[in-house]
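Student: Submitted below is the structure of interest, expressed as structure tokens.
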Amino acid sequence: VLSAADKGNVKAAWDKVGGQAGEYGAEALERMFLSFPTTKTYFPHFDLAHGSAQVKGHGKKVADALTNAVGHMDDLPGALSALSDLHAYKLRVDPVNFKLLSHCLLVTLASHHPAEFTPAIHASLDKFFASVSTVLTSKYR
């Protein structure tokens with residue numbers, strides 16, 4: 001459960017991301033594909049080369065979903081219900097992949113905002129991404 005302090009930390013961190021959210025989403029996806037090659041199996045139709053339009057496009061979708069989640073931290077299940085359905089029933093993404101992407105998002109944010117990436121911010125973002133992952137995998141049961 002996200003505390004009030006966690007929610008404030010997440011909001012502050014995401015505000016720093018600003019207009020680069022889509023770029024960071026794409027970078028996190030590239031990190032995931034390079035670090036965890038099995039994740040590529042869900043994107044057989046994508047050009048996974050560095051800077052590809054498809055990875056950038058999906059990175060923007062990831063970032064938009066996270067921006068939506070940041071704006072609805074008090075109702076993540078409601079805010080992410082359609083996305084949860086999509087990933088569980090249509091795409092059938094292995095739930096572990098959300099954890100892998102979460103890790104890559106943390107690394108990406110830390111690399112771009114090292115001064116702001118304090119232990120408290122890190123912990124709050126980690127809890128937030130875990131909460132989002134839990135909601136996205138809730139329909140698998």
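Cβ atoms are placed via backbone N, Cα and C, with glycine included.
Summarising the annotation, Swiss-Prot assigns O2 binding site to HIS58. Taken from Swiss-Prot, the feature heme b binding site applies to HIS87, supported by sequence analysis. The domain 'Globin' annotation in Swiss-Prot covers 1-141. Taken from Swiss-Prot, the feature phosphoserine applies to SER3, SER102, SER124, SER131 (among others), supported by similarity to another entry. Residues or ranges marked as N6-succinyllysine by Swiss-Prot: LYS11, LYS16, LYS40 (among others). Look at Swiss-Prot and you will find LYS16 tagged as N6-acetyllysine, backed by similarity to another entry. Swiss-Prot lists TYR24 with the feature phosphotyrosine. Sequence annotations record features per position, and here Swiss-Prot assigns phosphothreonine to THR108, THR134, THR137 based on similarity to another entry.
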Student: Could you measure between THR134 (phosphothreonine) and SER102 (phosphoserine) for me? Cα positions, answer in whole angstrom.
Tutor: 11
Student: When you put SER3 (phosphoserine) at the centre and draw a 10 Å sphere around its Cα, which of the modified residues LYS40, SER124, SER131 have their Cα inside it?
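Tutor: Checking each Cα against SER3 (phosphoserine), the hits are SER124.
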Student: When you rank LYS11, LYS16, TYR24, LYS40, HIS58 by Cα distance to THR108 (phosphothreonine), which of the recorded positions ends up on top as the closest?
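Tutor: Result for THR108 (phosphothreonine): the nearest of the recorded positions is TYR24.
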Student: Cα-Cα, whole number of Å: the residue listed as 'heme b binding site' versus THR137 (phosphothreonine)?
Tutor: 8
Student: Among all chains shown, work out which of the modified residues SER3, THR108 has the most CB atoms within 10 A of its CB.
Tutor: THR108
Student: Using Cβ-Cβ distances, find the residues under 8 Å from HIS58 (O2 binding site) that belong to the same chain and are at least 6 apart in sequence, listing them in sequence order.
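Tutor: For HIS58 (O2 binding site), the qualifying residues are GLY25, ALA26, LEU29, PHE43, PHE46.
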Student: May I ask you to report the DSSP-based helix, strand or coil state of LYS40 (N6-succinyllysine)?
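Tutor: Helix, per DSSP.
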Student: Can you tell me the three-state DSSP label for SER3 (phosphoserine)?
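Tutor: Assignment for SER3 (phosphoserine) reads coil.
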Student: Find the one among the modified residues LYS40, SER102, SER124, SER131 whose C-alpha lies closest to that of LYS16 (N6-succinyllysine).
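Tutor: Answer for the nearest of the modified residues: SER124.
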Student: State the count of C-beta atoms found within 10 angstroms of the C-beta of THR137 (phosphothreonine), not counting that atom itself.
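Tutor: Result for THR137 (phosphothreonine): 19 neighbouring Cβ atoms inside 10 Å.
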Student: What's the most sparsely packed of the modified residues SER102, SER124, SER131, THR134, counting other C-beta atoms within 10 A?
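Tutor: Counting other Cβ atoms within 10 Å of each of the modified residues SER102, SER124, SER131, THR134 gives the minimum at THR134.
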